[in-house]
Amino acid sequence: MSERDDRAAFLAANDVSRETLDRLDRVIDTLDVWRQKSNLIGPKEWPQIWTRHVGDSWQLLDHIPETAHLVDLGSGAGFPGLIIAAARSLGHVTMIESVGKKCAFLRAAIQEADLSAAVHQGRVEAAPPIKAEFVTARAFAPLPELLDYAAPWLRKGAVGVFPKGERWNEELTAARQRWNFAYEAIPSRSGGSGVILIIREVARRND
Ligand SMILES: C[S@@+](CC[C@H](N)C(=O)[O-])C[C@H]1O[C@@H](n2cnc3c(N)ncnc32)[C@H](O)[C@@H]1O
């Protein structure tokens, strides 16, 4: 399947407004240019960029209000941060990423697609205070460590929206050793036995 066919498959499965599609196209076009000069995304991944990476990010939107302020940890090539910013023009997304070349791409995509978003270059654990009611992170860290990274926001009442793979239940059990929290596990539409974990009311055990 070509990237064009993959885009058509994504659009057949998801309701995307004309304005949002225009922003998504600009983000993916920018990624196409930048991936030629850096290893943001592998050539084997490219033919499924829409159904796999955009689609995986898109399903988080069910849990993120229109005007949300959100922080995305370890944004890499912009999944899910850039996709959420493209779909939530009334909100604001801050992406935290430690690798300079990836940050340069993220900034270029924000500019090309005119997104309400910003990039903080640096390690999540050393980030300055950033206002956010929602935290996302995809393929960033196992849940126990992810809760440590996201604690500055979650402990102040932010909601975590985390796509997780088939071992999510083991990660949840391990996270329970260190943290108290409420959660919902919503089956992923990306196939397999992965879920979207919605995490609330986070407090360190013995707090
Ligand atoms: C496996 S990639 C996932 C990227 C993207 N979220 C995705 O799903 O395609 C993890 C990203 O996190 C970044 N990263 C790893 N540890 C980090 C840290 N402590 N602070 C900020 N970024 C970090 C890496 O540079 C990399 O871009």
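Every residue, even glycine, has its Cβ placed from backbone N, Cα and C.
Per Swiss-Prot, the feature S-adenosyl-L-methionine binding site maps to GLY74, PHE79, VAL124, GLU125, ARG138. Secondary structure at GLU125 (S-adenosyl-L-methionine binding site), as computed by DSSP, is helix. Within 10 Å of the C-beta atom of GLU125 (S-adenosyl-L-methionine binding site) sit 12 other C-beta atoms, taking all shown protein chains into account.
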> Could you give the maximum C-alpha to C-alpha distance in Å for the residues GLY74, PHE79, VAL124, GLU125, ARG138 that bind S-adenosyl-L-methionine per the record?
Replying inline: 20
> So how many other Cβ atoms are close to PHE79 (S-adenosyl-L-methionine binding site), meaning within 10 Å of its Cβ?
Replying inline: 24
>> As a test of the contact definition, list every same-chain residue at least 6 positions from GLY74 (S-adenosyl-L-methionine binding site) whose Cβ is closer than 8 Å to its Cβ.
In response: ILE96, GLU97, SER98, VAL124, ALA137, ARG138, ALA139, PHE140, ALA141
